[in-house]
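Everything below concerns the one structure shown next.
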């Protein structure tokens with residue numbers, strides 16, 4: 001039972017780190033915080049693997065360490081470090097306090113939804129399940145309420161971490177290949193977004209999503 | 001679920017375009033590696049064109065081979081059932097094969113023009129052909145995937161594979177379109193991932209072997225054992241996710257931008273094939289959901305979103321002045337109509353949806369490529385400037401007129417046949433008022449299409465415009481598509497109606513054979529009149545031997 005307590009406890013840290021990613025001053029810092037969050041996620045996978053006795057999850061933890069903690073943040077850090085658009089500041093369209101309140105409300109709603117899930121596998125880890133869903137929606141909010149197109153990429157990464165956590169919690173024995181498929185796709189997605197974002201900056205000299213409005217109607 | 005026949009064909013189908021894409025995209029110094037005689041702009045482009053033709057031709061031939069095997073021996077599979085092609089997948093695979101080949105052929109003339117006009121350089125030609133093959137590969141993977149996680153990954157990969165095609169011209173507007181395309185679709189498809197994960201986790205709990213829980217065929221077989229609440233939630237997520245990619249309202253925001261900014265052959269491929277591939281995944285989730293919670297819940301969602309898509313897009317279609325944006329909204333409308341037909345349900349509704357997907361695919365690919373010819377001649381997509389196409393470029397003008405009449409749903413063009421079936425299915429299932437609303441919205445579209453014909457195709461051409469059509473290389477593939485549009489409008493060929501029937505049986509998860517034919521078509525001794533007269537037709541009165549004739 002202790003293992004599940006650690007899982008639920010670590011999931012709380014995921015919410016904190018996702019707020020750090022969202023609210024960081026610039027994309028390079030977001031990349032650092034994203035690496036931190038992914039590290040917490042890996043620890044959570046390990047704790048979950050111990051609690052459920054799932055061999056696959058240990059493998060997952062390892063691939064997640066490679067892709068999410070090292071590779072993806074490194075790609076983003078390298079690509080985004082040289083790009084900055086002082087005109088948009090942090091790029092947030094909402095005050096920080098409101099973002100935090102919003103995240104808390106999302107978390108409460110997700111707790112309500114998670115409490116209704118009747119799967120036996122979900123009994124011990126409902127708080128973590130709620131967090132995984134909340135992580136998904138915080139990611140979505142990070143994209144919608146963000147003017148900096150590079151930070152929108154992190155929104156996608158948070159959504160992806162959320163889905164990944166749900167998968168690990170509900171199906172800890174999923175074949176390793178499933179997890180590799182998701183992780184690989186996410187890497188390509190980040191590479192493509194980083195490449196496009198850089199091209200937009202080089203061509204248009206802005207990172208502001210609100211400047212991208214020549215197509216309408 | 002009947003056993004699937006192992007076959008080498010699905011992996012063969014996939015490997016060709018993948019190999020070409022990797023070859024073209026991973027050779028950074030492609031030109032330097034060529035022999036001296038080819039290391040010029042002209043020489044390297046000619047070589048690229050040949051490789052590209054080989055790729056699209058290969059995909060077409062292999063699709064035909066797979067289709068023949070599926071029709072003769074039922075569903076085929078490979079790699080421990082991770083890949084499979086059933087009749088339903090075969091419908092969409094054929095769309096990739098046929099439309100991929102025609103837009104691929106058209107690309108040659110189109111890119112040569114872009115190259116001459118300086119819109120792109122020789123390096124971009126390599127990028128274009130490389131990503132074209134990659135795009136075909138990702139779509140083929142989506143329609144041949146039996147592993148639901150792979151299905152999701154393939155749909156996500158279609159976005160990544162085509163984003164650079166959308167942004168090919170590197171201008172402000174095309175980069176903006178590419179960015180919106182990537183962000184909206186990736187986020188949308190993240191919803192799809194969540195839906196997929198929910199279904200999979202649920203099944204992993206129910207099925208003894210988690211390796212089975214990832215297979216669509218196993219999920220359909222055990223759908224009744226899944227948790228209804230989770231499956232409902234998963235269907236909503238999947239509908240939002242893959243619906244984003246399919247261009248269903250209100251997740252369609254990327255579509256008009258991407259379709260209008262992409263090179264015209266790519267627009268044809270996006271609208272004609274990509275949207276349909278995403279719809280296939282929605283249909284696959286629909287089958288699982290129906291198996292768990294019955295038809296009421298998914299059909300209600302499909303009808304609502306479908307009707308909204310048809311309504312909103314018909315109005316936006318009418319007011320657009322940009323030809324390709326207009327066509328993009330028309331795609332949303334037709335996808336909406338397909339979704340309505342799925343929502344109507346019943347064998348006839350499902351068959352109508354599938355036939356309309358096929359017909360719209362061919363017609364819209366043709367229209368986008370014709371719009372490409374207009375762009376070549378006029379240098380603009382603005383309908384206020386495009387006048388008198390028929391005088392300036394007679395063949396293109398005729399093609400455009402044919403497309404507009406076809407899209408408006410006039411006989412003897414193919415869209416009429418499938419739209420007629422959609423309406424018959426709707427009335428049969430008692431959705432009279434929804435069909436009336438659809439008819440009303442379609443009238444708005446007809447008005448918009450008549451305006452294109454009257455002002456742009458017929459009107460008075462600008463004095464300064466040089467007369468003369470684009471070359472035969474740009475017209476020949478369009479001619480083939482036009483022949484398809486007309487042929488499918490006169491009568492649905494027997495092999496195609498067989499395929500659609502078998503695909504319908506896959507969706508209905510049972511044996512049901514709706515009549516798939518034009519209203520005037522003799523159908524194994526019966527005419528379509530029996531549908532109109534008898535409501536529920538029919539299907540029972542056709543014996544298996546009659547069908548297989």
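Glycine residues also receive a Cβ, built from the backbone N, Cα and C atoms like all the rest.
Predicted automatically and left uncurated, TrEMBL annotations should be read as such.
Positions annotated as transmembrane segment by TrEMBL: A:6-26 (among others).
Residues or ranges marked as transmembrane segment by TrEMBL: A:33-51 (among others). Through the fold, the transmembrane segment (A:33-51) approaches residues 2-4, 6-7, 10-11, 13-14, 17-18, 20-21, 24, 57-58, 60-61, 64-65, 68-70, 72-73, 76, 124-125, 128, 154, 157-158, 161, 164-165, 168-169, 172 of its own chain, all at least 6 residues removed from its boundaries and within a Cβ separation under 8 Å.
Annotation comment: TrEMBL describes A:57-80 (among others) as transmembrane segment. For the transmembrane segment (A:57-80), same-chain residues at least 6 beyond its ends with a Cβ under 8 Å from one of its own Cβ atoms are 27-28, 30-32, 34-35, 38-39, 41-42, 45-46, 48-49, 150, 153-154, 157, 161, 164, 168, 172, 176, 179-180, 183-184, 186-187, 190-191, 194-195, 197-198.
When Cβ-Cβ distances below 8 Å are used as the criterion, the transmembrane segment (A:92-115) is approached by residues 15, 18-19, 22-23, 122, 126-127, 129-131, 133-134, 137-138, 141, 145-147 of the same chain, each at least six residues removed from its ends. Taken from TrEMBL, the feature transmembrane segment covers A:92-115 (among others).
For the transmembrane segment (A:127-146), the list of distant contacts is 7-8, 10-12, 14-15, 18-19, 21-22, 44, 91-94, 99, 102-103, 106-107, 109-111, 113-115, 117, 152, 154-163, 165-166, 169-170, 209: same-chain residues at least six beyond its ends, Cβ to Cβ under 8 Å. The transmembrane segment annotation in TrEMBL covers A:127-146 (among others).
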